[in-house]
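As recorded in TrEMBL:
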type    : residues                 : note
REGION  : 1-22                     : region 'Disordered'
BINDING : R71, D72, E87, R88, D139 : S-adenosyl-L-methionine binding site
Amino acid sequence: MTSGGPQDIARPKRRPPKAGHPLDSAFDFVNGAVGYRFRTGASRKDALARAAGFGKGAVPTIIDATAGLGRDAFLLATLGAQVTLLERSPEVHDLLREALARAAAESPELAAVVARMTLMQGDARELLPGLRADTVIVDPMHPPRTNSAVVKQEMRLLREMVGADPDALELMQAALAADCRRVVLKWPQRAAPLQGLRKPSHSIAGKTVRYDVFMMTGR
């Protein structure tokens, strides 16, 4: 895994997360739900993988324009994809970088996954014009659900840290203008469409989210 350049995390070392940070447990690729998925094996038949462009013999290169907790990018990397993660929050970037370093130090198998991930800090709207991939995935901070009790605590904490994404439409427009073959918008299943955005080529439904896929014809 690289982070904005080869000098970052060249030799990951096992170290505990920063003590006392409320999101420490959320950035964990060894234990919990993400670790379980890694041990049991992610599937190319999953909605996210299909939306990203995995198919028979097809392993896309991917840009995750809104890295956040890094879970989607990590699972896509376990399927063999080279994934570039963009995160504009310096604090979230640092937490994610440390979590990936811990995972890489855990086992050779996890290190191989992390090696397929490149982490960059900055605004995706500024970084995307200089990047190229088969697929760009955009997962903006979703509109809050009316029943806050069903929202996971870690997502509430992340929202408090980075705030909302009022520029979600601008981010999608930057993704649609990027050098890629498809753009995937991850959006709550029952949420209203992102206002001002054209209709997707097709959508793939997950359990609680849908993946709106925009095919870039002629590229």
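Placement of Cβ uses the backbone N, Cα and C atoms for every residue, glycine included.
Curation does not apply to TrEMBL; its annotations are automatic.
Here the features listed in TrEMBL are placed on the structure.
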{"residue": "R71", "record": "S-adenosyl-L-methionine binding site", "contacts (Cβ under 8 Å, 6+ apart)": "F29, A33, V34"}
{"residue": "D72", "record": "S-adenosyl-L-methionine binding site", "contacts (Cβ under 8 Å, 6+ apart)": "L48, D64, I137, D139, K186"}
{"residue": "E87", "record": "S-adenosyl-L-methionine binding site", "contacts (Cβ under 8 Å, 6+ apart)": "T66, A67, G68, H93, L96, L119, M120, Q121"}
{"residue": "R88", "record": "S-adenosyl-L-methionine binding site", "contacts (Cβ under 8 Å, 6+ apart)": "Q121, G122, D123, A124"}
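Counting every protein chain shown, the number of other Cβ atoms lying within 10 Å of the Cβ of D139 (S-adenosyl-L-methionine binding site) is 24. Comment: S-adenosyl-L-methionine site residues R71, D72, E87, R88, D139; largest CA to CA distance 17 Å, whole number.
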